[in-house]
Structures are given as structure tokens and as C-alpha cells.
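Below: the structure, in C-alpha cells.
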Amino acid sequence: MMCYSILGPFFPKEAEKKGASNTVIGMIFGCYALFNLLASLVFGKYLVHIGAKFMFVAGMFVSGGVTVLFGVLDQVPEGPVFIAMCFLVRIIDAISFAAAITASSSILAKAFPNNVATVMGSLETFSGLGLVLGPPLGGFLYQSFGYEVPFILLGCIVLLMVPLNMCILPNYESDPGKHSFWKLIILPKVAFISFVITSLSSGFGFLDPTLSLFVLEKFNLPAGYVGLVFLGLALSYTISSPLVGLLSDEMPHLRKWLLVFGNLITAGCYMLLGPAPFLHIKSQLWLLVLILVINGISAAMSLISTFPEILSCAHENGFEEGLSTVGLVSGLFGAMWSVGAFVGPTLGGFLYEKIGFEWAAALQGLWALTSGLVMGLFYLLEHSRRRRRSKLQNSLGTEEERTALLPDET
């Protein structure tokens, strides 16, 4: 996650020097997610055939290598050659990252079937730590040693993790399942939750190319301090994720409402991030950081609940309880996350140029608001349908009891 988040504070400025526009920078961030999406679907489907452990280790090896390569891109001539190389390296990184993440989620869900949310919450702690440490460390190393060092250092750390995981990780054998992504995504509940994942992911992705430029322009902060602004969001997300995961596993009935209200709070955060011009609130640095902190907590509320909700919905609808279903859910989660992570920065970079950060963030909030309301409405309809069904079953049961008693009475 540090390899992913390190670009935020300094890459947009460096790319501008090399002749890339804001829209192209947004697309460099966004193409990562597009190929992550395609790779997640493929790896999720063929996880059992490839093997979870091999997929994870191979993904890490390639990801570490291309991260090192990204560090030497400043030697490439400016203009189309630099832009093309950025796209190529990011695409290879995206495919390898998809392999590692799909495999890691599947391994954990298989190893801890009764505590999926807690385990995913714990995993998100380290994802969050990567997001936390990436921008400030990247900004500091960039200011102190230049463009190459942040990427080469992190790439080498990832490569060192490869032999360690080869020794530690267990091998899981499983038979290929008969179900497909299509059968999973056409379940209404899964489709709506997928929309929620995409919405939250696009929110995070939107901030990558836009927030650093907005903070630099509005508050005149140096690159190192811009990384600290990102810290507010990532740190709150990191701390709240395992707590939300634990709560979600201990009280599964709360899961749906954590998901809904998390989305609605996130929507409010994006409206206040600029803040939106129609609110007539003056933009201040302390307010921006506070909103990012609240956004981190609300995003954790929504996001941690999504994986176990999709998994339980799949099992309720006849999907087998094994590694193949976990692989499908993991791949779908990764794919939907990637859709948002593609749309967020790409559209964010474009809207930032056209209408400014304040209105662009408000539009992002509108997306989160829509997904929260749609999900809330679905859960209310599901609840009323279940109540009607249980009442019908109770009345049928009492009718049968009466019928059974009638001959005795005569």
C-alpha cells in the first residue's frame, strides 16, 4: 500500500514538469485501477487453478520489481515517452498487485471462516498504515534524496517479503466451483453492495491527484507537509478498521446499518471538504484535516462490512462454502474497488481542471449519498419482506395445528 500511496504528494508536480496535464496525471493514477479491475476478475475466477500461495508470492515479486523501475522514470525524456513509460509500469504493477491482494484476502477468509470481518479489519489496518506512511515518507525522501530513492527503497522492501512469505504461508487445496462472477453479481444485494464499494473507492481515488494540488494552491504548504494532510484520513481509517471489523463479527445484525450510515457520513464529509460553495463556509486547514479524519472512520464503517455481507449472501444463495467462492468474492471486491479507483482519479483530475476542487468534491459526495440511500432502501425492503414471510409462516403453522386438533375435539 505504501508503493501505491507514495505518489500522492510529489508525483503530480514531477509529472507536470515532464509535460503531463492534470487530466493525463489523473489517467496515470486511474489506469492502475482499470487493469487491477480486469486482473482481479481473472485471478478471482482462476484462484483455485493457479494456487493462492503461488499467486500471492508471484504478485509480490513482480510488484516489487516494477516499483524499483518506477524510480528511474525521471531519467526518461519528457513528453510522450515519459507518459507512455508511466502507463506501462503502472499497468504491470496493477496486475501484480491484483494477484497479491486477491490471493491474500482468499487465504485469510479461508483460514478464519468465522471471523471474516475481524480479519479483514486487521488487514485494512496494515493497508491503512501503508496509506498513512506512504505520503509523508514519500514526501520526506523526495525532498531529502530526490525522485528515485522512495521507489527503490520500497521496491526492495517488497522483494525482501517474497522469501519470507514463501516459508510462512500455508498451501490450500480446493476443487474448482461451478459458479461464476456473473451469477454472483446478478444477486440484487451483491449488485448494490458492489455499487457501495465503487463509491467509497472512487472517493479515496479522487483525493490522490486533487488533494495535494488543492492544499499546495490554497494553503501554500511544502510537499512534506502535504503528506501529513493525507495522514488524517489514513490514520483514522487504520485505527477504526479493526474495531469496526470486531463489532461487525460480534453483532452481525449491525453490519447493514454500519454500511448505510458510513456512506451517508462519507457523503457529508465530501460536501464539507472544499467546502462546497453553496454551504458558504470558509476553507480552513484545520477543518479540512478534521473532515478527513471523520471520513476515514465513516469509510471503515462501510467498507469492512461489505466483504462478509457479500460472502454471506453468496452462501445463502447456494454458493459452496470453500476457497472457490471466497476467491470469487475476493476477486469481485477487488474488481469493484478498482472501478472506483479508476473513475475517482480520472474524473477527479478532469473535474478539478474544469470546475475546481470544491465542486468536484461535492459531486463525489453526491455519489456516496446515492449509494447510501439506495442501500438503506434495499435493507428496509428486505426487512419488511422477511417480516411478512415470517408472519405468513406463523399463520400457516397455527392453521396446521388447528387442523390437526379438530379430529380430537370431535
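Cβ from N, Cα, C; glycine included.
If you check TrEMBL, you get these features:
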- 1-388: domain 'Major facilitator superfamily (MFS) profile' (DOMAIN)
- 391-410: region 'Disordered' (REGION)
- 20-42: transmembrane segment (TRANSMEM)
- 54-73: transmembrane segment (TRANSMEM)
- 79-103: transmembrane segment (TRANSMEM)
- 115-137: transmembrane segment (TRANSMEM)
- 149-169: transmembrane segment (TRANSMEM)
- 181-204: transmembrane segment (TRANSMEM)
- 224-245: transmembrane segment (TRANSMEM)
- 257-279: transmembrane segment (TRANSMEM)
- 285-304: transmembrane segment (TRANSMEM)
- 325-347: transmembrane segment (TRANSMEM)
- 359-381: transmembrane segment (TRANSMEM)
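If you look at the transmembrane segment (20-42) against the transmembrane segment (359-381), you find fewer than three C-beta pairs under 8 angstroms, all six or more positions apart, and that falls short of contact. Taking Cβ pairs closer than 8 Å, the transmembrane segment (359-381) reaches residues 188-189, 192-193, 195-196, 198-200, 202-203, 206, 210, 256-257, 259-264, 266-271, 273-274, 276-278, 344, 348, 351-352 in its own chain, all 6 or more past its ends. If you look at the transmembrane segment (224-245) against the transmembrane segment (79-103), you find fewer than three C-beta pairs under 8 angstroms, all six or more positions apart, and that falls short of contact.
Counting Cβ pairs closer than 8 Å and at least 6 residues apart in sequence, the transmembrane segment (149-169) and the transmembrane segment (325-347) reach fewer than three and form no contact. A Cβ distance under 8 Å defines the sequence-distant neighbours of the transmembrane segment (115-137), meaning residues of its chain 6+ beyond its ends; these are 1-6, 8-9, 104-105, 108-109, 150, 224, 226-228, 230-231, 233-235, 237-239, 241-246, 248-249, 255, 296, 300, 303-305, 307-308, 311. Of the two recorded stretches, the transmembrane segment (181-204) does not lie close to the transmembrane segment (79-103), with fewer than three CB pairs under 8 Å once pairs fewer than 6 apart in sequence are set aside. Touching of the transmembrane segment (325-347) and the transmembrane segment (257-279) is ruled out by the presence of fewer than three CB pairs under 8 A, sequence neighbours closer than 6 excluded.
Packing against the transmembrane segment (285-304) from elsewhere in the chain are residues 117, 120-121, 124, 128, 196-197, 200, 203-204, 215, 219, 229-230, 232-238, 240-241, 244-245, 248, 258-259, 261-263, 265-266, 269-270, 272-273, 275: each is 6 or more residues past its ends and has a CB under 8 Å from a CB in it.
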